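Written out below as structure tokens is the structure these notes cover.
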Amino acid sequence: MMVDSTLAQVGKNLSDAMRILEDGQSGQDVTTILHLVHNLIHEEEEKEDKPSQHRMQNVGEQGHMALLGHSLAAYISVLDRERLRKLTTRILSDTTLWLCRLFRYENGSAYFHEDNRDGLVKVCRLVINARYEEYASEGYAVLSSKQPVIYQSASSRPGLGQHLCSQLGLPLSSLCTVPCNTIFGSQHQMDVALLDKLIKEDVEAGKLPLLLIANAGTPGAGHTDKLGRLKDLCDQYSMWLHVEGVNLATLVLGQVPSAIMAATRSDSMTLTPGQWLGLPAVTAVTLYRHEDPALSLAAGLTSSQPVEKLRALPLWLSLQYLGHNGIVQKIRQATALVEDEHSSPVVLFKFSQEMSAGKGLTLGEQLARLVPSSGVEVVELEDEGTCVRFSPLLTAAVLGTQQEDVEDLVEKLMELVPVMSSTMCLRQDFREETHRHAASLRYIEELSWPGLGAVRYQPQTEGVDENRRKQELEKINTELLKKLQELDTDIVFSTGPEFGTEEDCIFVGMVTEDVDVPELVDTIAALGRDIEESGRLLENMTEVVRKGILEAELQLQKANEEKLMEEGVLRQLPLVGSVLNWFSPVQSSIKGRTFNLAAGTVYCVYIQYIHVYVYVFITMQCPAEKPALLKPLQQR
């Protein structure tokens, strides 16, 4: 019965957990527990016997301050209620004041949250409470009179609008996705004129425009919406403007582009200082402006519970450690890694349209592996397709990216692009050469594979049942892959994508323009034939050995019977035979047996019985040595 690997792993983890619980009924010491945690973290590395290739966060001293904050929060939470209230109020007010000054957001309040979408959810609740006066007492029934509408850009985070509707209990019809520009401006900016038209249509339909989500750095391309015009439009229709995006980090710099500065006029904005400053396990922050504390409390933006205010403690410690100059320096260093010509510290690049999407994926994976500190990653954009993105504001502080890493990235990019281009040019030649060997090779169509192509060696299996045929196919292609990987060449041969649909195939990686494709295909076919013929020879030899042993056993049995007739029954008795042999010795020769493996012929030689049995043992246990072992017997 087939069992899903994930379910099997869950079952194993559950069994391990129960074993630990049963073994540790009397408790375990700290060293043992820490050792267990270490093993869990590095479990995969130890299985593969190689260091992890995953990018690890560069945890500096400011990172240690953030981690210390979590431990202090646990300690502070056990203080007496009055001291806890005073301390948490101070921590929350200090952190809010510092963030508002850093990001030029005057008279703002702050909400600290683990899920970076949670601040927007709470803001939506605040706006609903503010726009529907009876909402606190009547609940969702008041929304039926005028359906609220939330507007978002087509370039917003995937699933963000659906998450809002789910958390707020609103139907998806309350979500309006505004297309981006198609003619003028960036294709990743919200179309303001079209938004105005959509709002007017909703008002005429008796709906209530509630909130607009704008981007200061779209998740994919890092472009910024026309925030100034959007704010004017929101004021016109009494809508709430919420802004999010990586470019908000640049508000701390001395010179800020006007397109980003317009974000300070918004009603709320979500910040992720942990990513921008390289602070592990630090919460996101939503800054907002609202004058009614009762509505903020009802929306969940404020809390009377002191423990919840301790979420700000790690950031409170980290901001003090870095100081204003340290924070500005980190943001400036990240933006300096990109030659910013369009007020967007994000770089996207991709191959031309005639090249496959798999190429962009491979390029991104190769660059991430060769220059892990660069932080490059693969993104899927609706219009552009698969692209490689370099966004230092999101990764530089976390990975410790330096200018040298960017130079190394450019160098590796210049090396990889020609190889990938030549591979694309030679793919058709590889396909044609494979078809030329159609008797033994089959070309496998795998559009997602960015390498030269994929083939499968097809052995001659006429008259063989299906199970045996599959076994032969798997065995030969596995051995062929091993032989190809042993060749002295820069070409990479593999089993293909991890989640590929094709099995028992050989995937050929990227190649340079000077590779001889016909010779490469001839080599694959020749090695496959050698493996197939060797396998058949071994099968034939095995059958010959089996028949030879059976024939030898029959002749040995016949020889024993002849011996019995020649010497008589009395000589076979232990005591009597010894006496008779002493008085009257018998001169009798014993015929031994051996056979030729190639011809399958049994030969007769005069040797002792012990030699025959040794020979039979050797042929059964050491088939690879049969020819060398038989030769001395045949010569004798």
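Each residue, glycine too, has its Cβ placed from N, Cα and C.
The domain 'PDXDC1/PDXD2 second' annotation in TrEMBL covers 363-423. Confidence annotation: the domain 'PDXDC1/PDXD2 second' (363-423) carries a mean pLDDT of 89 in the model.
The domain 'PDXDC1-like third' annotation in TrEMBL covers 432-536.
Sorting each residue of the domain 'PDXDC1/PDXD2 second' (363-423) by its DSSP state yields 40 helix, 11 strand, 10 coil. The DSSP breakdown of the domain 'PDXDC1-like third' (432-536), given as helix, strand and coil counts, is 45 helix, 14 strand, 46 coil.
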